[in-house]
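Quick one: this structure, given as structure tokens, is what I'll be asking you about.
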Amino acid sequence: MTKGTQSFGMRHNKSHTICRRCGKRSFHIQKSTCACCGYPAAKTRSYNWGAKAKRRRTTGTGRMSYLKKVHRSFKNGFRAGKPTSAATA
């Protein structure tokens with residue numbers, strides 16, 4: 001048997017499994033670290049050379065249920081509470 005392409009077909013064991021943080025099949029079983037998000041590290045793995053990867057998982061790619069409302073509050077000067085009586089009259 002040669003040591004190149006032919007021998008890759010003989011492989012059966014999985015080196016990576018599903019990561020519980022990012023959900024990708026990037027969690028290395030023996031190292032017990034995720035190649036995608038860096039789990040179990042506290043901070044998410046991200047590098048400047050991976051600008052495209054950053055774009056995929058940065059703020060604005062999800063629901064942003066709170067941040068969507070911030071723009072409207074900013075327009076009104078972050079005023080809270082009921083309007084004054086002068087405004088209603």
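Every residue gets a Cβ built from N, Cα and C, even glycine.
So Swiss-Prot has the following annotated:
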- 19-37: zinc finger (ZN_FING)
- CYS19, CYS22, CYS34, CYS37: Zn(2+) binding site (BINDING)
Determine the Cβ neighbour count for CYS34 (Zn(2+) binding site): the number of other Cβ atoms within 10 Å of its Cβ.
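For CYS34 (Zn(2+) binding site), the count of other Cβ atoms within 10 Å is 24.
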Which are the residues of the chain, CYS19, CYS22, CYS34, CYS37 excluded, whose CB is within 8 A of where the CB atoms of the Zn(2+) site average out, their centroid?
ARG20, ARG21, GLY23, LYS24, SER26, PHE27, ALA35, CYS36, GLY38, TYR39, ARG45
For CYS22 (Zn(2+) binding site), just give me the three-state DSSP call.
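SS state of CYS22 (Zn(2+) binding site) = coil.
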Sequence gap of 6 or more, C-beta under 8 Å: which same-chain residues meet both conditions with respect to CYS37 (Zn(2+) binding site)?
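Long-range Cβ contacts: CYS19, ARG21, CYS22, LYS24, SER26, THR44, ARG45.
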Around the Cβ of CYS22 (Zn(2+) binding site), how many other Cβ atoms lie within 10 Å? Please give the count over every shown protein chain.
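So the number of other Cβ atoms within 10 Å of CYS22 (Zn(2+) binding site) is 18.
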